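**Student:** Attaching a single structure in structure tokens format; questions to follow.
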Amino acid sequence: MFSYRHAFHAGNHADVLKHTVLIATLDHLLEKEAALTVVDTHAGAGLYRLDGDYAGTSGEAAEGVLRLLAEPEKAPDTPAPGTKPAAKKTAAPAAEKPLAEAIARYLSVIHDFNPKGGARVYPGSPFIVQHLLRDHDKLKLFELHPTDARTLDANIAQLEAGRRIAVLREDGFGSATKFLPPPSRRALVLMDPSYEMKTDYGRVLDFAAEALKRFATGTYAVWYPIIPRPEAHDLPRRLKTLATKAGKSWLHATLTIKSSKITKDAASGETQRPGLPASGMFLINPPYTLKPLLAEALPQLAERLAQDRNASYSLESGG
Ligand code: SAM
């Protein structure tokens with residue numbers, strides 16, 4: 001346990017999906033004046049440097065937020081002398097379509113943390129949420145990793161957010177339900193474990209079941225990795241069953257950027273693992289505005305973040 005550090009992964013394609021969904025969900029929930037409580041069961045360190053050692057080593061942000069921010073390459077209007085004009089593509093490249101509203105909104109939040117442009121600073125879920133919340137809303141952050149909890153504490157202490165934000169060095173699965181239901185009876189719970197241990201999959205389900213029992217009208221959002229592991233494959237199916245049995249609406253969005261196949265390097269013969277190829281977000285009681293926003297955004301994310309021709313997305317809902 002505790003070998004996972006989100007700093008290596010901040011701003012990758014999974015964060016792009018997760019945070020785009022998070023922002024679109026919050027934007028809707030914050031339209032009502034009544035106070036909102038956000039519970040982040042697995043908060044991480046809160047803020048990350050994409051030009052620092054961790055992110056630099058993994059290079060994952062380059063295939064995520066940084067790729068999204070990069071100016072798309074434009075084909076030259078006139079071919080260079082002696083070259084043939086480029087063949088026409090059947091589909092207009094994403095660069096020529098207007099950016100989907102949810103992606104533009106996500107990038108505008110990233111920009112708020114990087115007023116000079118780019119994304120040297122990447123906000124994790126605690127900072128995205130605190131940035132959007134109003135003075136009368138509440139944020140409860142759970143983080144167990146000793147170093148990340150300390151960093152989160154220090155990062156939050158820089159803000160003048162007072163008692164609006166609580167950082168708890170506790171097991172998010174074990175104790176976050178104590179905040180449900182909140183006094184205003186309006187809450188968003190983000191469950192974003194590292195899935196370092198395969199028991200995390202079962203714990204997500206148990207937590208969601210217990211939370212729904214305590215507070216049936218809350219909005220619940222689960223991020224999960226799409227990897228060749230039975231527990232990962234089963235999680236969305238089991239969440240769907242849970243929501244349906246409870247008579248609740250649900251939404252399931254996935255984003256794949258590359259093949260999950262393990263390959264061998266032709267020259268060295270070394271086995272090459274693809275890294276995380278895909279991930280999903282499953283929401284119970286999602287805002288009704290989310291599906292149309294994602295229907296527009298997901299094809300663009302799949303196109304812009306594609307690393308091979310296996311890039312794809314899916315979006316379904318029910319209840
Ligand atoms: N939600 C964050 C974001 O979007 O920026 C990223 C969170 S990261 C994927 C998962 C975090 O959960 C890690 O920082 C890890 O240390 C922490 N963690 C692992 N098990 C935990 C537990 N039982 N309770 C609270 N935090 C835990």
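Cβ coordinates come from backbone N, Cα and C, glycine included.
So TrEMBL has the following annotated:
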type	residues	note
SITE	Y4	site 'Interaction with substrate rRNA'
BINDING	H19, H42, S125, E143, D171, G172, D192	S-adenosyl-L-methionine binding site
REGION	73-93	region 'Disordered'
COMPBIAS	80-93	compositional bias 'Low complexity'
ACT_SITE	D192	active site, proton acceptor
**Student:** Just jot down the residues in the same chain as D171 (S-adenosyl-L-methionine binding site), at least 6 apart in sequence, with C-beta under 8 A of its C-beta; none if empty.
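**Tutor:** For D171 (S-adenosyl-L-methionine binding site), the qualifying residues are F142, L144.
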**Student:** Could you tally the C-beta atoms, other than its own, that fall within 10 angstroms of the C-beta of H42 (S-adenosyl-L-methionine binding site)?
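**Tutor:** Taking every protein chain into account, the count is 26.
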**Student:** Nearest of the binding-site residues to Y4 (site 'Interaction with substrate rRNA') by CA-CA distance, picking from H19, E143, G172?
**Tutor:** E143
**Student:** Within 10 Å of the Cβ of G172 (S-adenosyl-L-methionine binding site), how many other Cβ atoms can be counted across all chains shown?
**Tutor:** 25
**Student:** Can you tell me the three-state DSSP label for D171 (S-adenosyl-L-methionine binding site)?
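**Tutor:** Its secondary structure by DSSP: coil.
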**Student:** Helix, strand or coil by DSSP: which one applies to D192 (S-adenosyl-L-methionine binding site)?
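**Tutor:** In three-state terms, D192 (S-adenosyl-L-methionine binding site) counts as coil.
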**Student:** Restricting to the same chain and to sequence separations of six or more, state which residues have a Cβ under 8 Å from that of E143 (S-adenosyl-L-methionine binding site).
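**Tutor:** Non-local contacts for E143 (S-adenosyl-L-methionine binding site): H42, A43, G44, A45, A149, L152, V167, L168, R169, G172.
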**Student:** Give me the long-range Cβ neighbours of D192 (S-adenosyl-L-methionine binding site): same chain, 6+ apart, Cβ under 8 Å, in sequence order.
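**Tutor:** Counting only residues 6 or more apart in sequence, the Cβ neighbours of D192 (S-adenosyl-L-methionine binding site) under 8 Å are K18, D40, T41, H42, G44, S125, V222, W223.
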**Student:** Near H19 (S-adenosyl-L-methionine binding site), which residues of its own chain have a C-beta under 8 A away, given they sit six or more steps off in sequence?
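**Tutor:** Listed in sequence order, they are Y106, V109, S125, I128.
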